[in-house]
Amino acid sequence: MPIQEKTRARDTCWLPEEGQGHRAEKVHISVVGNGFRLDTIKKVAQTYLPRIFADVDIVDAEFANVIVGTFADLGRSERVGHQEGYRIFADGSQLIIAGDTEFGVLYGFYEFLKKSQQGCPLLTMEAEDQPAMEVRMINHWDNLDGSVERGYAGKSLFFDNNAWAASDEEIVQYAEMLSSIGINALTINNVNVHAKETELITEKWLPQLAKVANLFDAYHITLFLSANFASPMTLGHLQTADPLDKRVVHWWKTQVEEIYKYIPTFGGFVIKADSEHRPGPFTYGRTHAQGANMLADALKPYGGVVFWRCFVYDCLQDWRDRSTDRAKAAYEHFAPLDGTFADNVILQIKNGPMDFQVREPVSPLFGALTQTNYVMELQITQEYTGQQIDVCYLPMQWKEIWSFDTHANGEGTKIADLLSSRQQDGKGKGVTAVTNIGNNQNWTGHPFAQANLYGYGQLAWNPEQCPRKIAEEWAKRTYAHLSAEVRQTICSILKRSWSVYEAYTAPLGVGWMVNTGHHYGPNVNGYEYSPWGTYHFSDRNGLGVDRTKTGSHYISQYKQPVAELYGNVATCPDELLLFFHHVPYTHMLKSGKTVIQHIYDAHFEGVEEVEAFLEAWEGQKEAMPDGLYMHVKERFEAQLANAREWRDQVNTYYYRMSGINDERGRTIYK
């Protein structure tokens with residue numbers, strides 16, 4: 001039967017859009033079997049294949065040149081050996097897309113879609129793959145009033161005015177996007193669970209959420225909810241949320257039972273506890289393991305999981321007290337509890353010890369936990385990296401993080417190895433990330449920020465991929481209607497953007513220096529005397545935080561080879577020097593520059609790079625639609641203004657502190 005194409009109002013991102021061009025090859029496709037997700041494949045085929053091929057039909061297998069199904073349904077003996085794995089191969093005049101399960105077949109079909117977009121002839125397509133990471137999760141920080149904490153792409157996709165706002169069509173399109181890059185789990189609400197959001201686990205919301213869960217489940221995406229640890233008090237009118245109180249235990253078990261009556265596929269909870277004024281087990285003298293295990297016990301009969309965030313620190317620190325170091329907090333709270341968490345608890349550890357800075361070291365908790373499940377938490381939304389105004393392609397950062405050698409099991413134990421499900425008997429379960437999605441027509445605010453979401457999915461599936469090639473692939477799929485020269489311009493900007501953003505912001509890993517609260521733009525001393533533990537300790541002699549044996553002893557949390565690397569000012573990488581050491585302005589870097597000259601040079605050069613971004617974009621004006629051109633041009637102009645402000649404030653501040661002139665005599669406001 002001929003396929004009727006559906007219409008979509010929102011940007012299709014990297015999936016095919018109307019008018020991208022039609023390949024002359026005929027596709028006669030047969031989806032064999034009657035499974036839930038096989039029906040999904042038919043829907044995806046109906047939507048997107050006509051946007052690639054001129055002639056597309058769904059036919060019986062005997063008439064097909066593309067056959068899709070599980071190996072069992074196809075009557076074949078081959079197996080991939082992984083429930084999410086797939087194979088694509090030619091068998092005579094037919095292309096076979098198969099997997100051990102429907103999950104694998106779905107991912108195989110998306111790979112077929114990608115290869116089709118890239119122009120690969122049908123019978124030359126060949127692939128066999130499976131994900132490296134078991135958990136590939138997205139966290140939304142959406143609130144019921146429609147706001148999004150650290151969101152820069154409009155309002156919430158899901159909520160508005162304390163009611164559900166998304167249409168089924170929007171959810172389906174979003175599910176298609178996520179599934180196409182391998183995402184298999186998500187939360188839809190903020191980890192800071194306020195009073196209204198606490199009600200999401202009640203009967204008031206569960207019928208609606210059951211419908212939403214089914215829509216996502218069709219794309220092999222499991223729904224989780226962020227839950228309020230104090231829910232027994234807020235909802236159950238108990239006087240306590242003590243995890244060892246029998247009344248609290250009973251309340252949670254009853255509530256979880258109700259959730260699963262509505263949502264049999266419910267994944268479980270994400271919990272932020274004892275952090276930034278959120279309630280938790282510390283209130284009752286209990287450990288995080290006791291708090292997490294109580295919830296895990298309630299979820300266990302249904303196969304549910306607790307993701308327990310390790311972002312726990314003293315946010316009321318006295319800035320005068322240098323013995324307290326926020327960077328040490330996660331390790332100090334959770335490393336001693338290794339082996340005490342239930343099997344269905346997964347600790348959610350931020351990539352670094354601070355808070356998603358443009359540069360910080362990898363958290364020492366990775367490699368320290370040997371008996372506890374864990375995932376890494378990343379931030380796709382650009383809270384500290386330009387807020388989707390400034391372009392900053394984060395897969396370059398993530399690749400570097402995942403390539404870091406922890407020495408946990410000796411030399412060569414990379415973060416990617418620890419997080420991989422391919423690691424035998426390993427406790428690393430994968431990765432989760434705070435998303436950058438909102439209700440903007442283009443989903444992410446800045447159209448280039450789509451590349452961060454795309455790159456996250458690609459690296460979560462296979463962290464060995466090159467982020468530069470991912471950028472090229474994203475650009476070719478997303479902007480197939482534009483010239484190769486325009487795509488090359490976009491890719492060139494993306495590949496340089498992280499290092500450029502780092503150049504004109506906080507130097508050499510010291511972090512922060514942002515405006516308080518909203519975190520956009522420079523404010524060198526914005527947090528310097530605050531209780532948040534985010535200091536740079538600049539004075540007339542030098543700057544940086546001493547985290548060595550003469551300072552906070554933070555380096556002792558790492559394995560010995562890493563501690564020695566960071567603890568010695570001579571071997572510490574320049575890009576992290578000020579995170580680990582307080583040094584004079586005249587300290588000589590490995591680059592041959594002094595610290596103060598590096599600060600001046602980096603900030604001037606960072607601005608020059610952004611000027612080059614804008615100039616390159618303006619040079620492509622005639623080669624693209626006016627709407628895209630103007631939207632991105634306005635963002636580059638705003639980024640340039642931001643970069644100049646960073647340059648002038650940081651350079652002026654450190655000239656006034658050090659009294660040392662720029663060797664090149666450039667303008668500094670003295």
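Cβ coordinates are placed from backbone N, Cα and C, and glycine is handled just like the others.
The domain 'Glycosyl hydrolase family 67 catalytic' annotation in TrEMBL covers 117-443. Residues or ranges marked as active site, proton donor in TrEMBL: Glu276. Annotated active site, proton acceptor per TrEMBL: Asp355, Glu383, in sequence order. What TrEMBL records for 444-666 is domain 'Glycosyl hydrolase family 67 C-terminal'.
The separation of Glu276 (active site, proton donor) from Asp355 (active site, proton acceptor), Cα to Cα, is 13 Å.
For the domain 'Glycosyl hydrolase family 67 C-terminal' (444-666), the model's average pLDDT works out to 98.
Neighbour density at the Cβ, taken as the number of other Cβ atoms within 10 Å, is lowest among the active-site residues Glu276, Asp355, Glu383 for Glu276.
When the Cα atoms are compared, Glu383 (active site, proton acceptor) and Glu276 (active site, proton donor) turn out to be 17 Å apart. In the three-state DSSP scheme, Glu276 (active site, proton donor) falls into the coil class. Secondary structure from DSSP puts Asp355 (active site, proton acceptor) in coil.
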